[in-house]
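J.: Here it is, the structure, as structure tokens.
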Amino acid sequence: MGEEKKALFIIFGGTGDLANRKLYPSLYRLYKKGYLKDHFAVIGTARREWSNDYYREIVMKNIEELTESTEHAAAFASHFYYQSHNVKDTEHYVNLEKLACMLDEKYQLEQNRLFYLAMSPKFFGIIAKNIKEQNLLTENGFDRLIIEKPFGHDYDSAYELNEEIRASFTEDQIYRIDHYLGKEMIQNISAIRFGNQLIESMWNNRYISNIQVTLSESLGVEERGGYYDTSGALRDMVQNHILQVVALLAMEPPTRLKDSEIRDEKIKVLRALRVYNDEEVRKNFVRGQYGKSTIEGSTLHGYRKEANVDPESQTETFVAGKLFIDNYRWAGVPFYVRTGKRLAEKGSQIDIEFKNVPLNLFQEEAEEDLPPNVLSIFISPVEGFSLKLNTKKIGPGMRTEPIHLTHTHSAEMTANSPEAYEKLLLDCLNGDATNFTHWDEVAASWIFIDAIRQAWNKVECAFPNYPSGSMGPIESDDLLKRDGFHWHWEPEAE
Ligand code: NAD
């Protein structure tokens with residue numbers, strides 16, 4: 001059982017998809033583990049007129065699959081309160097403040113407050129302003145603000161949004177969520193690197209030839225077409241998740257595993273990303289959009305036919321790119337990244353390819369070149385590692401064959417590993433910002449992304465250019481082929 005935390009959660013957007021699918025189950029998991037017990041309360045706010053009882057029913061429905069017993073779930077749900085609230089209406093914050101004070105006393109929450117903005121980013125500024133002006137911030141406990149992505153749609157809008165929020169909250173009170181940072185295997189990157197002399201001593205441009213990061217989705221945009229069409233894969237996935245993974249892979253060892261030290265190192269990586277001019281964008285980045293295809297007899301329609309998507313849309317649903325980090329450790333090592341929707345398989349994987357041996361002693365007997373060593377990190381759905389090595393093939397002579405040393409978490413271990421949102425909520429309760437994004441990281445990421453977006457905006461692309469169920473446009477493979485490499489993770493196209 002964990003050490004009990006005392007806090008009031010105020011969830012803006014309490015009737016929304018994120019709250020229902022992620023936040024309530026995660027809070028319940030923390031309750032089951034004893035981190036939340038007697039001294040916590042949740043206020044859900046949204047525009048709809050709901051009673052506390054109805055809200056509690058909804059909460060119980062959303063944790064159904066996890067519940068130990070109806071009584072246990074009901075005891076948990078009894079800590080939930082609903083307040084109908086239009087975030088633009090100042091009056092409502094006065095009522096919210098009264099309810100918050102009442103709950104603070106009732107549950108002895110020591111004035112600890114966690115404000116979770118689970119709603120459209122266009123409201124973040126106004127909510128932050130009202131929280132402060134209507135005295136929802138407390139004197140004695142902690143005040144922490146959790147905000148969901150997207151954080152702006154380019155550098156300027158992110159800067160403006162940050163200024164609005166910073167008028168009410170200090171940087172160390174702001175927790176910008178990137179749920180990738182809550183994933184078990186993403187957190188494992190630091191353990192593999194800094195827990196193993198074997199690995200970390202080779203973690204540089206002397207031994208590594210290239211690094212590949214793939215975040216692949218098999219679904220299309222589903223019901224998110226309206227939002228996605230204004231965003232696209234570059235902003236939706238690369239600016240945040242992919243660049244965060246790159247920063248963790250490339251950062252210098254921190255002096256301690258403390259949030260401020262780790263963030264400092266990540267920021268340096270993001271600032272060292274080479275920002276491309278238009279010509280370099282054309283050479284180093286590939287965009288794609290899925291078209292229709294027939295898989296197992298059923299036809300999947302293309303992106304432009306999705307609900308709420310412009311039939312002439314120029315929005316990319318796929319990105320592949322080659323990044324350079326201009327510092328001493330990584331000079332000359334390409335980082336290839338790719339992400340997309342409606343790809344052959346859902347999965348996230350990192351592959352670190354090492355340089356070839358300087359001399360192939362086995363050349364005379366071999367039919368093929370000695371393949372390079374590759375360390376693969378499986379992020380999801382499988383969690384684990386694999387290291388590809390060359391060994392002697394059993395039998396006469398000195399022929400070699402590659403073998404894989406693989407360790408994967410069992411299905412049971414994976415199922416029991418805490419959900420990303422659960423871990424991040426607990427981190428926030430503990431005041432640990434390691435797995436959240438600092439403003440300086442957001443700023444550096446947008447500067448890199450804006451250059452690509454601006455170059456793309458100048459030229460129309462002949463979309464669609466990859467069939468659903470493939471691994472993206474052919475140019476994505478060419479990006480590596482040109483350099484003598486290939487994607488190590490190549491799921492079979494349907
Ligand atoms: P949603 O549309 O399902 O929910 C939005 C919520 O905001 C609802 O509760 C709605 O009632 C409330 N709301 C809207 N206008 C309001 C107003 N004027 N006053 C008060 N309440 C109002 O959205 P969602 O999918 O839950 O996403 C919320 C945030 O989380 C967004 O920033 C989104 O980008 C982000 N996000 C969502 C997911 C996800 O899985 N759903 C994943 C990552 C990030």
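Note: Cβ is positioned from N, Cα and C throughout, glycine not excepted.
Remember, TrEMBL labels are computer predictions, not curated facts.
According to TrEMBL, the record shows the following:
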- 10-188: domain 'Glucose-6-phosphate dehydrogenase NAD-binding' (DOMAIN)
- R47, K149: NADP(+) binding site (BINDING)
- H179, K183, E217, D236, K341, K346: substrate binding site (BINDING)
- 191-488: domain 'Glucose-6-phosphate dehydrogenase C-terminal' (DOMAIN)
- H241: active site, proton acceptor (ACT_SITE)
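Walk me through the surroundings of each of these features.
T.: Per-residue confidence over the domain 'Glucose-6-phosphate dehydrogenase NAD-binding' (10-188) averages 96 (mean pLDDT, predicted model).
For R47 (NADP(+) binding site), the same-chain residues that are 6 or more apart in sequence and have a Cβ closer than 8 Å to its Cβ are S84, H85, N86.
Secondary structure at K341 (substrate binding site), taken from DSSP and collapsed to helix, strand or coil, is coil.
The Cβ of H241 (active site, proton acceptor) lies under 8 Å from the Cβ of D178, Y180, L215, T339, each of which sits 6+ residues away along the same chain.
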J.: Just jot down the residues in the same chain as H179 (substrate binding site), at least 6 apart in sequence, with C-beta under 8 A of its C-beta; none if empty.
T.: A420, Y421, L424
J.: Quick one: Cα separation, K183 (substrate binding site) versus K149 (NADP(+) binding site), in Å?
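T.: That separation, Cα to Cα, works out to 16 Å.
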J.: Using a 10 Å cut-off, grab the number of neighbouring Cβ atoms around the Cβ of K341 (substrate binding site), all chains included.
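T.: So the Cβ neighbour count for K341 (substrate binding site) comes to 26.
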J.: Please list the recorded positions from K183, E217, D236, H241, K341, K346 whose Cβ falls under 6 Å of any atom in ligand 1.
T.: none
J.: Largest pairwise Cα distance, Å, within the listed substrate binders H179, K183, E217, D236, K341, K346?
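T.: 20 Å is the greatest Cα spacing among the residues binding substrate.
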J.: Among E217, D236, K346, these being the binding-site residues, pick the one whose CA is nearest to that of K149 (NADP(+) binding site).
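T.: Of all the candidates listed, D236 is nearest in space.
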